[in-house]
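A.B. asks: What follows is a single structure, and I will ask about it in a moment.
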Amino acid sequence: MLNKNSASSQSLPRVHSFFNMIPSIMQDDLALTILNDRDNMFSIKSQRSHGEDLIVTPFAQILASLRSVRNNLLSLTNVPASNKSRRPNQSSSASRSGNPPGAPLSQGEEAYTRLATDTIEELDWCLDQLETIQTHRSVSDMASLKFKRMLNKELSHFSESSRSGNQISEYICSTFLDKQQEFDLPSLRVEDNPELVAANAAAGQQSAGQYARSRSPRGPPMSQISGVKRPLSHTNSFTGERLPTFGVETPRENELGTLLGELDTWGIQIFSIGEFSVNRPLTCVAYTIFQSRELLTSLMIPPKTFLNFMSTLEDHYVKDNPFHNSLHAADVTQSTNVLLNTPALEGVFTPLEVGGALFAACIHDVDHPGLTNQFLVNSSSELALMYNDESVLENHHLAVAFKLLQNQGCDIFCNMQKKQRQTLRKMVIDIVLSTDMSKHMSLLADLKTMVETKKVAGSGVLLLDNYTDRIQVLENLVHCADLSNPTKPLPLYKRWVALLMEEFFLQGDKERESGMDISPMCDRHNATIEKSQVGFIDYIVHPLWETWADLVHPDAQDILDTLEENRDYYQSMIPPSPPPSGVDENPQEDRIRFQVTLEESDQENLAELEEGDESGGESTTTGTTGTTAASALSGAGGGGGGGGGMAPRTGGCQNQPQHGGM
């Protein structure tokens, strides 16, 4: 899809994507069907892409309909087609009559009347959609709202299946939706009930709000950036003429060199690199990549300065974190490097853009505390106050990284012109902020809209001739790298899952000790790891990688194949549900209400997009455990682990136990 026309081939597998959870229709059936179902997908055949393609984003659907209307008018009016501004017609735009695009019809024929009626209905649908578009919202917002509705519907069904399904649904909702949600609470929270507060006080317990006010340690003044160590280490570490071959001093240089020779390979043995580099994986991986790409030369970065900065940066990753440490940063950086090498992207990005993407991957989790954004917000942390609860960790990572550049001997961009430096800084900020997992749906919607619009337009080529389009691809590229663990060889994937779950459990332990509500997937006594991985792949990872694979087709097919094999493994490892135990004296005791309620602004926009849908524009779905799951995917849930850096962020829906805690 980028700067080249790919040959026709088989469609990419869409086995587990939530895009497939609704029926698909051929574009030439649109006029009769789409008026009754706003969630339907278009299926078009493109000679310029790869077989049959599903169109799900609203803007691309409108564009496809208008192209169909145009072709129908050519058939109805016998007006010669003008080639001044239109690309050649695609076979996907054939009319319902079965005639090729532009084939003349005679008045009075049944096919003529049917085609005229279909054309009017299709044009009316397009007008309805265009009339409801708000001028202050982008076309990508239309897709994002639609995807949220699809995801909410599926999570509601899944939450009905079991307590674990409810917990997993809550995790996905709270992690991957970027809007703060309003909650319909079935009962008072502990800290809102005076009697419960008094009882807990007598027992020596505290609510989350009380704990935050009385126990939160005072951080540094907000005029300073917390987490920056003083004095900074490694300022003058490399004073000699000879620099280490791979950027780090290690007695196992030969073994390390062998592994680093595979940096362009997907699924490198990153854990061995961490061992052979004496726990300096980020420094050696970044140094080797920048050397091999000749970025030190093209960006005029002194090698000694680069190593000073990278060593200082790596020191500011928290080594005690099981997951969010410098090894994870090295893994994301190496994955970003491989994705930048994909043939479809050859020659697309400048050295400044490539260097910016790799730099963003290096710094994207620096000084991560091993806690989620939502934990920092709930505990009224200094960081949450500083960044107004918005992308708290991501803003902090950026602030720390750019502050480290100001340290003497660490400014790797010192030789850049002011304009270049400003451009790179803007790129890095945009990319790192996009690693906030609550932005996932917006990123996916943007990418899907871009890909499908080009498919419908018939070009099959993305020019990427402006900053918005170029940074959008780079943001999604690094986002894919950050969510790449489920696409790696199974032994690596399983190891990452174990590390991430341990970090989640450590947060859950803190929450339990502090009297706070335990976050979804953070209770080590109530974990559903295998099931969560299946759902995480089905609802989050596969849709993202599927769309990326469409963009760079066919370069990511092997990655998709591995992803599906890993999904099947975890599906096979889900333990059977325990048999029902005796008679439940109080069947309501264990029932948990799951509810997804969108913001008022999102409700209004969804209502506009869904007018005429059988749901009547409602944006709230409710279910309870103990009923049969209506999900189209067997065993699908969500969230869990193994998706590099995926941690619950701001916003989302909550499970509210009707009787006590989770």
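Backbone N, Cα and C atoms are what each Cβ position is placed from, and that goes for glycine too.
Take a look at what Swiss-Prot says about it:
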- His324: active site, proton donor (ACT_SITE)
- His324, Asn325, Ser326, Leu327, His328, Asp365, Asp482, Gln533: 3',5'-cyclic AMP binding site (BINDING)
- His328, His364, Asp365, Asp482: divalent metal cation 1 binding site (BINDING)
- Asp365: divalent metal cation 2 binding site (BINDING)
- 80-98: compositional bias 'Polar residues' (COMPBIAS)
- 599-616: compositional bias 'Acidic residues' (COMPBIAS)
- 617-634: compositional bias 'Low complexity' (COMPBIAS)
- 635-646: compositional bias 'Gly residues' (COMPBIAS)
- 652-662: compositional bias 'Polar residues' (COMPBIAS)
- 248-577: domain 'PDEase' (DOMAIN)
- 79-108: region 'Disordered' (REGION)
- 207-245: region 'Disordered' (REGION)
- 599-662: region 'Disordered' (REGION)
- Asn485: site 'Binds AMP, but not cAMP' (SITE)
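Help me see these features in their spatial surroundings.
C.D. replies: In the three-state DSSP scheme, His324 (active site, proton donor) falls into the coil class.
Note on Asp365 (3',5'-cyclic AMP binding site): other Cβ atoms within 10 Å of its Cβ, all shown chains, come to 27.
Around His364 (divalent metal cation 1 binding site), taking its Cβ as the centre, 30 other Cβ atoms fall within 10 Å, counting all chains.
Per-residue pLDDT, averaged across the domain 'PDEase' (248-577), gives 96.
DSSP assigns Asn485 (site 'Binds AMP, but not cAMP') to a helical segment in the three-state reduction.
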A.B. asks: Which state, by DSSP, holds Gln533 (3',5'-cyclic AMP binding site): helix, strand or coil?
C.D. replies: helix
A.B. asks: Between Gln533 (3',5'-cyclic AMP binding site) and Asn485 (site 'Binds AMP, but not cAMP'), find the distance joining the two CA atoms and give it rounded to the nearest Å.
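C.D. replies: One finds 11 Å between the Cα atoms of these residues.
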